[in-house]
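*Asks:* Take a look at the following structure, please.
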Amino acid sequence: MGKKLVMAQKRGETRALCLGVAMVVCAAITYYILGTTVLPLYQKSVWTQESTCHLVETNIKDQEELEGRKVPQYPCLWVNVSAVGRWAMLYHTEDTRDQNQQCSYIPRNLDNYQTALVDVKKVRANFYKHHNFYCFSAPQVNETSVVYQRLYGPQILLFSFFWPTFLLTGGLLIIAMVKLNRSLSVLAAQK
């Protein structure tokens, strides 16, 4: 009976130890992936200063108005605001500026032009309802653009690193409990 209990205990310890090591390895892989994808985007984001933006004007540009340039196949909302004592171009997110520097907002549904136009008009109406709103500006003096919503802010970074940290802590606790259990069983066997 005692030998069966020791064998079952060893198998359970081995399984728990493998679980703990697997959790630590998964956490390390996740840290690596997040460190190479999310962290550089967070460090690249220059819009760190939260400020109040005041709406100056909005305009919906269609294909006809953008002659001579790369013409987007969707209606383009252009928003000009006053922020931190200077005029600036408002972009919905950091990615909006990278996709098209002429547009403040790019609609979600780009397949249907009329649906995209309705979406752009709805966003424009929201700007007219709320003339003052919070935005993010760059601390550099020569920056002429502001961002309405940060995709890569500190909250996203904290949320991204929470689960791998939880996984790493859980794995280390399981490994520590198995080691503690082994040392206590050795001490009990010596008495």
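Cβ atoms here come from the backbone N, Cα and C positions, even for glycine.
Relevant sequence annotations retrieved from Swiss-Prot are reproduced here:
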type: CARBOHYD; residues: ASN80; note: N-linked glycosylation site
type: CARBOHYD; residues: ASN142; note: N-linked glycosylation site
type: TOPO_DOM; residues: 1-18; note: topological domain 'Cytoplasmic'
type: TOPO_DOM; residues: 40-155; note: topological domain 'Extracellular'
type: TOPO_DOM; residues: 177-191; note: topological domain 'Cytoplasmic'
type: TRANSMEM; residues: 19-39; note: transmembrane segment
type: TRANSMEM; residues: 156-176; note: transmembrane segment
*Asks:* What does DSSP give as the helix, strand and coil breakdown of the topological domain 'Cytoplasmic' (177-191)?
*Replies:* 14 helix, 0 strand, 1 coil
*Asks:* Residues sitting near the transmembrane segment (156-176): Cβ under 8 Å, six or more positions beyond its termini, same chain?
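*Replies:* Tertiary neighbours of the transmembrane segment (156-176) are 16-17, 19-24, 26-28, 30-31, 34, 38-39, 42, 150.
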*Asks:* In the structure shown, with every protein chain counted, which of the glycosylation sites ASN80, ASN142 has the densest set of Cβ atoms within 10 angstroms of its Cβ?
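*Replies:* Answer returned by the neighbour count: ASN80.
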*Asks:* Tell me, roughly as an integer, the mean pLDDT over the topological domain 'Cytoplasmic' (177-191).
*Replies:* 85
*Asks:* Across the topological domain 'Extracellular' (40-155), what are the DSSP residue counts per state (helix, strand, coil)?
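*Replies:* The topological domain 'Extracellular' (40-155) comes out at 34 helix, 37 strand, 45 coil.
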*Asks:* Measuring Cα to Cα, how many Å separate ASN142 (N-linked glycosylation site) from ASN80 (N-linked glycosylation site)?
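*Replies:* That comes out at 16 Å between the alpha carbons.
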